[in-house]
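Asks: Right, I'll just put the structure down here and ask away after.
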Amino acid sequence: MDLPKAYDPKSVEPKWAEKWAKNPFVANPKSGKPPFVIFMPPPNVTGSLHMGHALDNSLQDALIRYKRMRGFEAVWLPGTDHAGIATQVVVERLLLKEGKTRHDLGREKFLERVWQWKEESGGTILKQLKRLGASADWSREAFTMDEKRSRAVRYAFSRYYHEGLAYRAPRLVNWCPRCETTLSDLEVETEPTPGKLYTLRYEVEGGGFIEIATVRPETVFADQAIAVHPEDERYRHLLGKRARIPLTEVWIPILADPAVEKDFGTGALKVTPAHDPLDYEIGERHGLKPVSVINLEGRMEGERVPEALRGLDRFEARRKAVELFREAGHLVKEEDYTIALATCSRCGTPIEYAIFPQWWLRMRPLAEEVLKGLRRGDIAFVPERWKKVNMDWLENVKDWNISRQLWWGHQIPAWYCEDCQAVNVPRPERYLEDPTSCEACGSPRLKRDEDVFDTWFSSALWPLSTLGWPEETEDLKAFYPGDVLVTGYDILFLWVSRMEVSGYHFMGERPFKTVLLHGLVLDEKGQKMSKSKGNVIDPLEMVERYGADALRFALIYLATGGQDIRLDLRWLEMARNFANKLYNAARFVLLSREGFQAKEDTPTLADRFMRSRLSRGVEEITALYEALDLAQAAREVYELVWSEFCDWYLEAAKPALKAGNAHTLRTLEEVLAVLLKLLHPMMPFLTSELYQALTGKEELALEAWPEPGGRDEEAERAFEALKQAVTAVRALKAEAGLPPAQEVRVYLEGETAPVEENLEVFRFLSRADLLPERPAKALVKAMPRVTARMPLEGLLDVEEWRRRQEKRLKELLALAERSQRKLASPGFREKAPKEVVEAEEARLKENLEQAERIREALSQIG
């Protein structure tokens, strides 16, 4: 046997990771096997592995390995995303260290630098995924800006444009002054933030004033109206009049609009169409022309802006404007207020709003194609609740702003004629050809749009482009649609819904059959991990400390029902201990072979039990994999390996092995081989190593998934009675304070035949012998099928034992009383953190239960 005494993941995992990277599991579209396809959510090319990636890819790899073993042509398509904003920001930071900006280099040279950076550093995250054991088809690795994916993007846009679904129009958009680009609503994060609410007084035409409340006093100078609710009697007499913007000579109308909230502030709303989405909608309804006073750099500008504020940053301008309003008597009050601060999800900068031409995609007709499919039940969701969430979003979807003011990304294939201003987009049949003259007037003076597509535009094509679309490739014919998409619920709208749109529109069918949505990985307190909080758990550090198998297994084990995961390091310790337990069990089996001399070949009760229990386990675990309930599958495997195999069968097999029973050794080997197969999708490294040592076969990943054998319910029932008898004896020893190895004598009642027929195994497991008659005084432990009675005479000083128990009982009751007093205090429950209160409740429960057990034991001895 060549397994070292102790398991060291560092000596095993890199070896297998390198082997799988060099010899990837390449799919064959002509194999004739039924396909099973997963599209890997492409991580950002800028990225390093974080816990979300680790969870996401552990689940995918478990599924792909399972299906590969089930005989499917399992295809896991990997790749990375060019991550427009994120990548551009990374490279711009590198340039800043050289004292340069992208504008110093110019677009062409800057893009050369980005590609250079991508080639040098962009493969980091895929290398890290390989270290985690990801068995993707690395021969099909894709990048959202490689040649094939670029062709798909150009073709998709050409189709959308010539079908009237892509159009260019000026609208209010989210703008990040730091990243210098527009953002979709889904790329904006809103957080409650302490701020101020200012009440300002506007002079009304003909005398009097009207007061408005705002959190953005610096935008007052862009006001185009004051709106009140049509049913608000307080302002009915002012409708149709005008009000003067403070510190200016600009007069604006007072009008009625149902969007105004009567109960917010004063009930009168300043309408600033250029700087607020709601105001923009009100302005559209009333024909108000937007006026902007904040430029794209976030600075104040415009004729309406007082000289003292021009050129100031918007936040500095806010402070200064409030001073000016106060001095001029326009500030009525200033109060603390929690504002909903909208920030860029990439850099955290508070966004601004701006109006300028952008490319848009008409989502309503596209969403309707998807909704028809979802109503037919084309796509299953796990958990099912997300289907309604997906449909609700599609039913209320707005047009998608698909252009970004970046340099890194897919440059939009649209050209503007400098003579007649016509837009030129290549037609689908010539989508790769750049136009040389204007389709409208024939002029050769064409200028290409400088904007790039939103990163999610190319990501939305992922299930198609990874298979070679728009070319009619063998992969596309064989592997579309995909089977399961595994991703986090946080990108359901950003990515999943948009892939549905692409699939139904371009292929006429769903892009995948099932969507498995998992939660976020949070810290042990349920908080999001962030560098600023200092609570980030680095998966690579965890791999170094516990092993990749342990990390994978812990994450899968915790991924129940799509809920967020609170990751406590104790779960990683649990998984590492599980790996060690399995390793030691395998060493025992291999050691048992050495020098074994067969003297008999008879199935024991334990052998029959283990084979039957394994058969049930195979059936249950297979069903859980099929239902995509990997967390429960992990728990079932854990129970089967740790409890049934290691704790019970392995121990019960020792007397038979000692007696030279070949059937028992064969059962150990065969059961272990099946357990390694069941666990392989979740813990591929350790199981591959042990399977090779056990069977001599090179690649467990290519072995067949086990089929359930026959059930032996009689053996399962009999062995369960034996287990209960042993458990009862062990509990009695613990109750009496005796060491587990202490030899005792017990009297059994109930289903005792299995014990009597397997007395040697019972004695070995319990270190107990049977009494022929029921003792008068004894500690009693009742189990569902067996009751055990253990007299204390001759084992210990009964009176001394009684004194110790009574003393402990008093201590426990005192502790329980202290907890009850603390929990009864309103101050404690109101002020103490929730986890502190829960811990105190758990202490009280445990102490009361222990006290009850001691009372019962004392009453039994008399």
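Cβ from N, Cα, C; glycine included.
What Swiss-Prot records for 44-53 is motif ''HIGH' region'. Here Swiss-Prot flags HIS50, HIS53, THR487, GLY488, ASP490, HIS518, VAL521, MET529 as AMP binding site, drawing on a large-scale study or a structure entry. The Zn(2+) 2 binding site feature in Swiss-Prot is assigned to CYS417, CYS420, CYS438, CYS441. Here Swiss-Prot flags 528-532 as motif ''KMSKS' region'. For LYS531, the entry in Swiss-Prot reads ATP binding site. For 576-587, 646-651, 815-847, the entry in Swiss-Prot reads region 'Interaction with tRNA'. Residues annotated as coiled coil in Swiss-Prot, with sequence analysis given as evidence: 802-862.
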Asks: Mean pLDDT, the coiled coil (802-862)?
Replies: 79
Asks: Distance check, please: Cα of HIS50 (AMP binding site) against Cα of CYS438 (Zn(2+) 2 binding site), rounded to an integer number of angstrom.
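Replies: So the alpha carbons of HIS50 (AMP binding site) and CYS438 (Zn(2+) 2 binding site) sit roughly 48 Å from each other.
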Asks: List nothing but the one residue from HIS53, HIS518, LYS531 whose Cβ has the fewest other Cβ atoms within 10 Å; the candidates are the binding-site residues.
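Replies: Across HIS53, HIS518, LYS531, these binding-site residues, the one with fewest Cβ atoms within 10 Å is LYS531.
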Asks: Quick one: which residues besides CYS417, CYS420, CYS438, CYS441 have a Cβ within 8 Å of the Zn(2+) 2 site's Cβ centroid, in sequence order?
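Replies: Checked against the 8 Å cutoff, the neighbours are GLU418, ASP419, GLN421, ALA422, ASN424, GLU439, ALA440, GLY442, SER443, ARG445.
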Asks: Rounded to the nearest angstrom, how far is the Cα of ASP490 (AMP binding site) from the Cα of CYS420 (Zn(2+) 2 binding site)?
Replies: 44
Asks: Measuring Cα to Cα, how many Å separate CYS438 (Zn(2+) 2 binding site) from VAL521 (AMP binding site)?
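Replies: Rounded to a whole number, the Cα-Cα distance is 52 Å.
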Asks: Within a 10 Å radius of its Cβ, which of these binding-site residues (CYS420, CYS438, VAL521, MET529) has the fewest neighbouring Cβ atoms?
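Replies: Across CYS420, CYS438, VAL521, MET529, these binding-site residues, the one with fewest Cβ atoms within 10 Å is CYS420.
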Asks: According to DSSP, folded down to helix, strand and coil, what is CYS441 (Zn(2+) 2 binding site)?
Replies: coil
Asks: Please list residues from the chain of CYS417 (Zn(2+) 2 binding site) whose Cβ is under 8 angstroms from its Cβ, counting only those at least six apart in sequence.
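Replies: CYS417 (Zn(2+) 2 binding site) has long-range Cβ partners VAL423, ASN424, CYS438, ALA440, CYS441, SER443, ARG445, LEU446.
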Asks: Taking the Cβ of ASP490 (AMP binding site) as the centre, how many other Cβ atoms fall within a 10 Å radius?
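Replies: Summing over all protein chains shown, ASP490 (AMP binding site) has 14 other Cβ atoms within 10 Å.
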Asks: In whole Å, how far is the residue listed as 'ATP binding site' from HIS518 (AMP binding site) when you measure between their Cα atoms?
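Replies: Cα-Cα distance, HIS518 (AMP binding site) to the residue listed as 'ATP binding site': 23 Å.
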